[in-house]
Amino acid sequence: MQEFDPMNRGFASYRSPRTIALVGKYHSLEIAESLRRLAEYLYERGVSVFIERETAEHIGKIVDLSRWVTCGFNDIGAHADLAIVLGGDGTMLNAARRLARYCVPLVGVNQGRLGFMTDIARDDMLTCMDDLLDGRFAPENRMLLAAEVTRDGKEVASNMALNDVVVDKGAIGRMIEFELFIDGEFIYNLRSDGLIVSTPTGSTAYSMSAGGPILNPTLTGIALVPLCPHALSNRPIIVNDNTDIELRIVNADDPRVHFDGQVTLDLERGDCVRLRRSEHTICFLHPPGYSYFAMLRQKLQWSERPKGP
């Protein structure tokens, strides 16, 4: 139901979906009624509805979901025209990593706090569905990072990240020391609490809290943001998205690598973490009138006047 644009590595447009998967925040029972109402509404509009299996296992304890098919992410990727995610940014991150390889677009309904990636407020959920089903949402492609960890020359792990990949010192208080290489060229030796490697999507997450720049999602760049560097001259830098990045662990007691803050792997001294732009993208579908800067203005409370006593 979508038109793939190979030049942009993503979707240029989409048409009215016939099969929609619903993915919810696993341990948030308060979304149960919203998910049931949404499933009912889509069914009445003639849409085939799938409910992600773990979502159904948790939400099904509160509301009756027995009339709908439940399936895992692999089946969603094989059969769904798009997925609607009910939750916060964390739920979107998990769904994006699981579905990016299948080119399934995502729509976010905000059931969390800030919700930089979940455009639709819960109270507006059903009123927005007509625009979605009639093909009036706007597609936007977001890049992901692909990472692999090698130890003694052998790959021991790999994963993708939509927001960021973070290499840090772990639970031990001492700094981590590693070497940074870009396209095979030595850049610097960094002693710090860690390094955030962020996509434009992730630039409003951990990276922003660490002093990194906000990158418009349409940019093709990767931000490298040191965490509390020992040398204050180690500042955030932006590199091209076709860059190969390599981090070599020189000295650390408990080093770790984190993918979107959700998947963690213990590292060892001498390990290498290699990062590049993933061959996969994820497509977000935005409602009519969506503006990235309007979203930032609202979420970050730009230009807000102080409230009086």
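Glycine too: its Cβ is placed from the backbone N, Cα and C atoms.
The NAD(+) binding site feature in Swiss-Prot is assigned to Asp89, Gly90, Asn163, Asp164, Arg174, Arg191, Asp193, Thr204, Ala205, Tyr206, Ser207, Met208, Ser209, Gln262. Around the Cβ of Asp89 (NAD(+) binding site), a 10 Å sphere holds 25 further Cβ atoms from the protein chains shown. DSSP assigns Asp89 (NAD(+) binding site) to a helix.
According to Swiss-Prot, the active site, proton acceptor annotation covers Asp89, on the basis of sequence analysis.
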Tertiary neighbours of Asn163 (NAD(+) binding site) (same chain, Cβ under 8 Å, six or more apart): Leu93, Ser198, Thr199, Thr201, Gly202, Ala205, Tyr206, Asp260, Gly261
Those binding-site residues listed as Arg174, Asp193, Ser207, and which of them has the most Cβ atoms within 10 Å of its own Cβ: Ser207
